[in-house]
Amino acid sequence: MNKTDYSAVFEFVFLGLSTYRPVQNFLLAFSVVFYVIIVLGNLLVVFSVMFDAHLHSPMYFLLGNLSFIDMCLSTVTVPKMISDLYSGKNIISFQGCILQIFALHVLGGSEMVLLLAMALDRYVAICKPLHYLTIMNPQMCVLLLSGAWVIGLLHSLAQLAFVVHLPFCGPNEIDSFYCDLPWFIKLACTDTYRMEFIVTANSGFISTGTFFFLMISYIFILVTVWKRSSGGLSKALSTLSAHITVVVLFFGPCIFVYMWPFPTVSVDKFLAILDFMITPILNPAIYTLRNKDMKMAMRRLGNQVPGLRKIS
Ligand SMILES: *[C@@H]1O[C@H](CO)[C@@H](O)[C@H](O)[C@H]1NC(C)=O
């Protein structure tokens, strides 16, 4: 293979979720509606947490930051998908594809660390309530948050370092609606066995490991509460069930995509919808609408915006 072959691929073509026009129209309507809800819902959470003094606590800071990451995560993939469905041009440049992979892994990595931080926060609040404010002090929150971003960045750079120089010469069709490593690697015209292993190790083991760690932490918290008093269990369960739902829905698709990096059936692209369109809606929905503090904060925020006063 000579050098000119290497640069033969300047762009990739997404095969999308469906080639059937009525299904595409349905997907277009569905993603526009969901994306608008995701952006508005998460912005509402971010602004409520930032501007309402009642919500200046570690739990809400983490929640606000989670909403922000979720919104970015959808923004990396959904608007591109909407424009592809609308225009019928399912093309992304080589650089665009790399950028998408980079952003997805920075945000995904940070979200994982943030979910760990939120589990730690619940553990301290429920199992060590007397030390809550000394352990989860403002410095700790900033440390956890910067840790999340640094780890996400390192994780993403470490993976991309292995794949940016892969040669591409032939097929350029991606059987999905966004770029990610398993599909990207599959298109390279070289022996990709080693790459498969790296992706599985870096993304697959990290997501599986984090998932089991989080599940064990939540079970541990529930058992601690249950041993202490029988009345507290149902209250803890109702708080933690929201966390557990988000964790399952977020990690399920990740584990599937990265632990079976080269599946023969293309279910992974449908599972990805969970991460980009369902979990980002769930966060504002389950953490906030069931939460009295948050609802009151939103009402107060609404009263500060003059135009909204009449509605609320
Ligand atoms: C994110 O967390 C930091 C550190 O705790 C906090 O200062 C900031 O307000 C949070 N951002 C949002 C949008 O909640």
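Every residue, even glycine, has its Cβ placed from backbone N, Cα and C.
TrEMBL entries are annotated by machine, without manual review.
Annotated features in TrEMBL:
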- 26-47: transmembrane segment (TRANSMEM)
- 41-287: domain 'G-protein coupled receptors family 1 profile' (DOMAIN)
- 59-78: transmembrane segment (TRANSMEM)
- 98-120: transmembrane segment (TRANSMEM)
- 141-162: transmembrane segment (TRANSMEM)
- 204-225: transmembrane segment (TRANSMEM)
- 237-258: transmembrane segment (TRANSMEM)
- 270-289: transmembrane segment (TRANSMEM)
Most Cβ pairs under 8 Å with the transmembrane segment (26-47), selected from 59-78, 141-162, 204-225, 237-258, 270-289: 59-78
Stretch-level contact, the transmembrane segment (237-258) and the transmembrane segment (59-78), CB cutoff 8 A, at least 3 pairs: no
Stretch in 59-78, 98-120, 141-162 most in contact with the transmembrane segment (270-289), if contact is a CB pair under 8 A: 59-78
Average pLDDT across the domain 'G-protein coupled receptors family 1 profile' (41-287), rounded to a whole number: 88
Long-range Cβ neighbours of the transmembrane segment (98-120) (under 8 Å; 6 or more residues past either end): 59, 62-63, 65-66, 69-70, 72-73, 76-77, 80, 92, 144-145, 147-149, 151-157, 159-160, 163-164, 178-181, 184, 203, 206-207, 210, 213-214, 217-218, 221, 243, 246-247, 250, 254
Chain residues in Cβ proximity to the transmembrane segment (59-78) (below 8 Å; excluding those fewer than six residues from its ends, i.e. six or more beyond): 31, 34-35, 38-39, 41-43, 45-46, 48-50, 100, 103-104, 107-108, 110-111, 114-115, 117-118, 121-122, 125, 141, 144-145, 148, 177-178, 272, 275-277, 279-280, 283-284, 287, 293-294
